[in-house]
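Participant: Right, I'll just put the structure down here and ask away after.
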Amino acid sequence: MAEENTTLVIEFVLIGLTNLPGLQVLLFLVFLIIYLTTMAGNLGLIFLIWKDPHLHTPMYSFLGSLAFADACSSSSVTPKMLVNTLDKSQMMSLFECMAQYYFFGSSATTECFLLVVMAYDRYAAICSPLLYPVVMSNRLCTCLISASYAIGFLHPIIHVGLLSRLTFCRSNIIHHFYCEILPLFAISCTDPSINALVVFIFAAFIQAFTFTGIIVSYICVLFAILKKKSEKGRSKAFSTCGAHLLSVSLFYGTLFFMYVRPGSGQDQYQDKMYSLFYTIIIPLLNPFIYSLRNKEVLGALRKIIKI
């Protein structure tokens with residue numbers, strides 16, 4: 001089936017991170033711990049924001065939405081990866097493959113727009129603190145979150161629709177740990193040039209648009225911080241913005257090298273490492289990046305523990 005040239009392939013085998021049998025159990029345990037920690041961190045952060053009235057502000061609404069997107073992103077990839085790590089005979093149908101790509105693509109796109117919305121929120125809070133309650137109203141906050149998720153849900157439909165035009169007959173082996181779209185192009189019997197071009201255009205546009213919005217917001221924030229006379233005010237502003245910038249750097253750095261860099265998709269090992277980072281590691285790190293140095297979140301956590 002793997003090398004049949006006359007029969008259309010309707011099921012796929014995911015190679016995973018490695019073929020070495022001795023590492024399978026170790027990898028399963030490592031990624032199981034990572035997944036459980038990721039879900040506990042993100043869902044715990046959402047619970048804290050919902051439970052503590054002091055966290056019912058636009059900034060934490062955006063942060064809770066980001067945590068939900070991270071939980072969805074990790075859940076779209078890791079459970080299936082864990083199953084396949086122990087049982088290589090597990091097959092994935094074309095429909096399951098497209099569904100997995102859709103849900104991950106939706107979460108990743110939503111995260112891009114939530115990050116730029118969070119940058120705008122920090123710009124409004126630091127550059128116009130007196131007008132902030134008016135500028136960032138509950139209605140606008142809800143609209144921005146809804147728009148981020150709406151774009152996230154709609155964007156992957158384009159790629160999944162174009163994916164349905166491809167046929168697969170050379171091989172049913174995907175050299176990846178989840179159903180990523182670029183390795184699918186490599187085993188397609190149909191010319192995937194149009195698909196690859198559309199992926200590049202949308203990835204470049206979304207990343208350029210959102211990243212530019214983030215950079216412009218933070219340039220304004222930087223000038224506003226430098227004008228502050230209070231050292232305490234500067235420190236608090238840098239602390240809040242520093243966590244966001246770290247998350248942005250990790251997320252956009254790996255996405256850029258995966259989808260926009262020249263020769264994208266050629267080095268299988270390198271692409272697996274980039275994918276591993278933005279599908280599994282970043283959703284694990286984000287709740288801790290945003291909460292460990294955040295006194296309000298830590299205060300809410302202490303209250304829950306005492307109760």
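Cβ atoms are placed via backbone N, Cα and C, with glycine included.
Quick paste of what TrEMBL says about this protein:
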type	residues	note
DOMAIN	41-290	domain 'G-protein coupled receptors family 1 profile'
TRANSMEM	25-50	transmembrane segment
TRANSMEM	101-120	transmembrane segment
TRANSMEM	140-158	transmembrane segment
TRANSMEM	197-225	transmembrane segment
TRANSMEM	237-261	transmembrane segment
TRANSMEM	273-292	transmembrane segment
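Map these features onto the structure and tell me what's around them.
Facilitator: Among residues of the same chain six or more beyond the transmembrane segment (25-50), those with a C-beta under 8 A of the stretch's C-beta atoms are 16-18, 56, 60-61, 63-64, 67-68, 70-71, 74-75, 78-79, 81-82, 85-86, 280-281, 283-284, 286-288, 290-291, 297, 300-301, 304.
Packing against the transmembrane segment (140-158) from elsewhere in the chain are residues 58, 61-62, 65, 69, 101-102, 105-111, 113-114, 117, 120, 198, 202, 206: each is 6 or more residues past its ends and has a CB under 8 Å from a CB in it.
Listed as Cβ neighbours of the transmembrane segment (273-292) (distance under 8 Å, sequence separation of 6 or more from its ends, same chain) are residues 17, 31, 34-35, 37-38, 41-42, 44-45, 63, 66-67, 70-71, 73-74, 77-78, 104, 108, 176-178, 180, 243-244, 246-247, 250-251, 254-255, 257-258, 298, 301.
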Participant: Counting only residues 6 or more past its boundaries, what in the same chain has a CB within less than 8 Å of a CB in the transmembrane segment (101-120)?
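Facilitator: Long-range Cβ neighbours of the transmembrane segment (101-120): 59, 62-63, 65-66, 69-70, 72-73, 76-77, 144-145, 147-149, 151-153, 155-157, 159-160, 163, 178-181, 206-207, 209-211, 213-214, 217-218, 244, 247-248, 251, 255, 278-279.
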